Amino acid sequence: MRNYTQQYINGEWIDSDSNETIEVINPATEEVIGKVAKGNSNDVEKAVEAANNVYLEFRHSSVKERKELLDKIVEEYKNRKQDIIEAITDELGAPLTLSENVHYQMGLNHFEEASRALDSFEFEERRGDALVTKEAIGVSGLVTPWNFPTNQTSLKLAAAFAAGSPVVLKPSEETPFAAVILAEIFDKVGVPKGVFNLVNGDGEGVGNPLSEHPKVRMMSFTGSGRTGSKIMEKASKDFKKVSLELGGKSPYIVLDDVDVKEAAKATTGKVVNNTGQVCTAGTRILIPESKKEDFLTALKEEFSKVKVGDPREEGTQVGPIISKKQFDTVQSYIDKGIEEGAELFYGGPGKPEGLNTGYFARPTIFINVDNDMTIAQEEIFGPVASVITYNNLDEAIKIANDTKYGLAGYVIGKDKETLQKVARSIEAGRIEINEAGNQPDLPFGGYKQSGIGREWGDYGIEEFLEVKSIAGYFS
């Protein structure tokens, strides 16, 4: 049982102003596995004051000092590898291999990349007799989601530290343990007091007062569009800078020259990875009408190989949905797909056979889907695919872009020129050709209702900076 009833503020673990706590549930067992403090506005006030008090000192720290700090974090992060893996498997229900190879590793990648970025990042530039300088924006509020407990926190923290901006972090109350471990790491390596502050709690008690606090100059949020809109509204009252990474309904375009077995394997991975709880999940699979029969046969075969089950059992690829509430949401979308006339091709409502305990969902494929159906337009956040056919490339691109979202897109095929054309045509912030994979120095963020701003690498650092021009500096 993990019980974290204190907040980390100004370099110390202190009692929360509130005596209330939030229970953390293991979604694979439905058991309470710990609790965290349910913070309030007084906790936020203390954290913001601590960050504000150190702001000028941290802003004026040297690049060398900040790089050394990031390098120390990297080494201690590695020392806590097993703790991080165990925490994520317990709180998120991610299979152990996924916790290690994706969750743990992505967090590490962001701290390493922020350090590398500082080697060449230009904080100052001369233009004639003028100086253009980039300065840390100031106290930054970070609000992170439950689906990637280390990735989303690490990428924001690494960028803020590299920029010289102190932070107040509010992690998701559903997966808070990984953030506590990060706080322990920062404490161990000597992150200066006030530079990092952790306030656990819910959106109403912590997220809202953080977004509205007049001394917070930047809000960085990852999560739902609904919550992002609220944060933006609250932050706008005193014109805070806002960076938002929101939802997606990403298209995966399968070209007509593709190997269908290869394409089926690739698209399956993009649907079921992290139990479909991925903002970039490629759940709208667009296939040529001429390849439909062969592709669907291969897709069903790939889905049938996916092992759903105990995240601690060897060979498990897909764990549970995060909560009963989210499980019910996924089920309601499956029901909606059937109701609107999509054909259930694989999976369906309910839990996989033999998995009565835990919030396990059946990986599901809908075919004969129209792009205007609810399941093709709304983010489900579960392992549910919508297969849509197209007759020509222009139609495929039109369907791909017929969405309010624009976070990611995928294309698989053989002809390089066609692949590049499709990649350039999809209206989204991140496109992947032939399963190219993640690259931590590439910018990440969305078009349209998928967000504002960019994260990862030097682009992420830019979000935590203000730009100042000084005319006559060199005259």
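Numbers run from 1 along the shown chain.
Every residue gets a Cβ built from N, Cα and C, even glycine.
Here is what Swiss-Prot says about this protein:
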BINDING   G201, D202, G203, E204, G205, V206, G207  NAD(+) binding site
ACT_SITE  E245  active site
ACT_SITE  C279  active site
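The structure, with features from Swiss-Prot marked on it.
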| residue | record | Cβ within 10 Å |
| --- | --- | --- |
| G201 | NAD(+) binding site | 28 |
| D202 | NAD(+) binding site | 17 |
| G203 | NAD(+) binding site | 17 |
| E204 | NAD(+) binding site | 11 |
| G205 | NAD(+) binding site | 25 |
| V206 | NAD(+) binding site | 29 |
| G207 | NAD(+) binding site | 25 |
| E245 | active site | 28 |
| C279 | active site | 26 |
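Distance noted between the C-alpha atoms of G207 (NAD(+) binding site) and C279 (active site) is 21 Å. Here the C-alpha separation of V206 (NAD(+) binding site) and E245 (active site) works out to 19 Å.
Listed in sequence order, the residues K38, G39, K170, E173, N208, P209 complete the 8 Å Cβ shell around the NAD(+) site centroid, once G201, D202, G203, E204, G205, V206, G207 themselves are left out.
Under the DSSP three-state reduction, E245 (active site) is assigned to strand. When the Cα atoms are compared, G201 (NAD(+) binding site) and C279 (active site) turn out to be 23 Å apart. The secondary structure of C279 (active site), as reduced to three states from DSSP, is coil rather than helix or strand. E204 (NAD(+) binding site) and E245 (active site) have their C-alpha atoms 20 Å apart, to the nearest angstrom.
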